[in-house]
Amino acid sequence: MTMTPREIVAELDKFIIGQNDAKRAVAIALRNRWRRMQLGEELRREIFPKNILMIGPTGVGKTEIARRLSDLAGAPFLKIEATKFTEVGYVGRDVESIIRDLVDVAVKMTREKAIRQVKSLAEEAAEERVLDALIPPARGGFQGEPTAEEKPTEKKESATRQLFRKKLRNGGLDDKEIEVEVSAHPSFEIMGPPGMEEMVSQLQGIMSSMSSRRSKSRRLKVKDALRILGEEEAAKLVDEDQIKSTALASVEQNGIVFIDEIDKIVKRDGAVGADVSREGVQRDLLPLVEGSTVFTKYGMVKTDHILFIASGAFHIAKPSDLVPELQGRFPIRVELKALTADDFVRILTEPKASLTEQYTELLKTENFGLSFTKDGIKRLAEIAYQVNDRSENIGARRLHTIMERLLEEVSFEATDKQGESITIDADYVNKQLKKLAEDEDLSRYIL
């Protein structure tokens, strides 16, 4: 991570409107990962990440920050829902599977990077195998036959091979079918009960390694053969042991886990029965966040320096309802603000791939023009804010519902009206949505 905090915030600004406190907090946390790695090993061991707790209503950008952060991090990153996990002893996934999944992400990232480095060598090897299939090598003669007689044949064969190589690189043979030997991959999935994912994964790995030693003959088009053989050759060239050790080190030093919906595992006041397992999940999470050692199929992983970012709406429970030990492990608290009508106007127009741009480009594929006026966008934002205010406040997600309702007729008829166009202004928005927005009973069910 070589980006400065200011650059990280600027990048997040392209996709997320407002919420500067949250952006600054995650930007500083990301940069601190880089700063720590510049220190000596002894001091580096003593510096632990400051975990972040993001608090705010639904639809204000918590999950979107996580999504964009994963693109910027350049490090093993995993986003999980806290509600997917159960206390040890209950049916479901245990929290240690978070670290196992994070290691899987790291191994995949490291392998992809290693494969990119050997891509040109792998492509050359794949090309030779395809040429061997197109021009089978000449069979050897009788024992003791003079080698001098073989040389003209070799030259002739080499010239033919060069001609085919040129055609192959120009794409002239892409659709020709050839028969090649490829590794046989298992065509079955091992199913296991909840909580046994690690054992199932190991069994799957054993079966895959056994079957990968065998090969089978397949008839493929040349372009498909080049791709499949290229992948095979790349897999032969990379060092799997090196990939695993690099991935484990990357997880331990730079791993980031984003825990969404953490408020859903808070025990509610006066609740009995199944709610007991909510507190159990928190207590199971505690060792991971504090720092522990987790066994994975690639080796042991220490979680001491993994950064945890948690988020939740906390509209029923409060952050203080988390078990005290877990509260203490999230020292940085960031509150995200509810969105206003002005924020909705900005969300509809400013971000990269904004909603208005998405619908415009979608209908452009039908040769149908769609444009929005400023007053049309303002009216859309006002209606979204009003509906949120009167019924359940779901933040920016309300805009998706309203846009779909607004453009339902246009999207349906666009195919029959190619070459035409429409401008969405305030009058059009009122015509389509005003009655629904004003009728509280209807807006609850439709918008």
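Backbone N, Cα and C atoms are what each Cβ position is placed from, and that goes for glycine too.
Taking the Cβ of Lys62 (ATP binding site) as reference, residues of its chain lying under 8 Å away and at least six apart in sequence are, in sequence order, Ala22, Met54, Gly56, Asp260, Ser311, Leu336. The ATP binding site annotation in Swiss-Prot covers Ile17, Gly59, Val60, Gly61, Lys62, Thr63, Glu64, Asp260, Glu325, Arg397, and the record cites sequence analysis as its basis.
Marked as compositional bias 'Basic and acidic residues' by Swiss-Prot: 148-159.
Positions annotated as region 'Disordered' by Swiss-Prot: 136-160.
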> Which value in Å gives the longest Cα to Cα span across the ATP site residues Ile17, Gly59, Val60, Gly61, Lys62, Thr63, Glu64, Asp260, Glu325, Arg397 as recorded?
Replying inline: 34
>> Out of Glu64, Glu325, which of these binding-site residues shows the lowest number of other CB atoms within 10 Å of its CB?
In response: Glu325
> Here the binding-site residues are Ile17, Val60; which one has the lowest number of other Cβ atoms no more than 10 Å from its Cβ?
Replying inline: Ile17
